[in-house]
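Under the heading S-adenosyl-L-methionine binding site, Swiss-Prot lists Gly78, Leu83, Ala128, Glu129, Arg146, citing sequence analysis as support.
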Amino acid sequence: MDPAFHEALASGIEALGLPVDEAARALLERYADRLLAWNRKVNLTAITAPAELAEKHLVDSLVLLPVLSGARTLLDVGSGAGLPGMPLACARRDLSVTCCDGVAKKIAFVKAVSAELDLPVRGVAVRAEGDPEREGLPRADAVVSRALADPDRWVPVGARYLAEGGTLLAMLGREVDRAALEAVGAAEGLTLVGLDVYELPISRAARAVARWQRR
C-alpha cells in the first residue's frame, strides 16, 4: 500500500486518540487493499486515493470505537463496502458485526473479505426497512448507518433494530441542530444521550456522531 496511506491512517488514529493496535492496523491495510482491488470490477467507492481512503473511510469509521466500548453486537445498515462495520471489526475482534445492504455485489465483497481476513462479520443482502424478523436481521447493542445521514429518515428505521439497552448511532457530516436531534429521537421513544463533534485531522472535514438510547 502507498506510504501516504500509512501516514494518513497513523496520523488520524493518533490525532483522535483511537485505540487501534498494530495487529488491527495490519488488518485495516489488508481490508483497504481488497477494497481497491474489488473496486476495479465492482463499484464500491468513489474514493480511491490511498490517503483519502485511509482518512474518510477508515479513520472516519474508527471514531466510533470509544462509544462502542460496552457493545458486543453491531448492526451496520446500508453498509455498502462494509463501512463502518468492517474497519470496526478489524479493531474489535470481540465485536460481532452484521453488515446489511440491498446491493448483492457489495455484500459479496463483505462476505469474501471478512472470510479472508477472519473477521467477526456477517453480510446480509437485504434492504433494511424496519422489520428485522422478516429481513433476517438481528437486534443489536449498537445500530449505525453511514448511508442514511438524515436523522429524520434514519432514526425511525434504526430504532427498530435496537436490543434492550442498545444505542442508536447517526454519523453526520454537516452542521447539526441538537434540538432537532432530541425531537426526532423523542418521537421514537429515544433520548439523545450524546453528540460528539470532531474534525477529520487531514481534510478538516466536519463530522458529528449522535447517540440515542430508549427511555
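We number each residue from 1, going along the chain as drawn.
Placement of Cβ uses the backbone N, Cα and C atoms for every residue, glycine included.
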Per DSSP, to which secondary structure element type does Ala128 (S-adenosyl-L-methionine binding site) belong, with helix, strand and coil as the options?
coil
Would you mind listing, in sequence order, the residues at least six apart from Ala128 (S-adenosyl-L-methionine binding site) in the same chain with a Cβ closer than 8 Å to its Cβ?
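Non-local contacts for Ala128 (S-adenosyl-L-methionine binding site): Val77, Gly78, Cys100, Glu135, Leu137, Val157, Tyr161.
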Under 8 Å Cβ to Cβ from Arg146 (S-adenosyl-L-methionine binding site), same chain, six or more residues apart: give me those in sequence order, or none if nothing qualifies.
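The answer is Ser61, Gly78, Ser79, Gly80, Leu83, Pro84, Met171.
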Could you tell me the maximum Cα-Cα distance in Å between the residues recorded as binding S-adenosyl-L-methionine, namely Gly78, Leu83, Ala128, Glu129, Arg146, rounded to a whole number?
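For the residues that bind S-adenosyl-L-methionine, the greatest Cα distance is 19 Å.
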Can you tell which of Gly78, Leu83, Glu129 has the most other C-beta atoms within 10 Å, given these are the binding-site residues?
Leu83
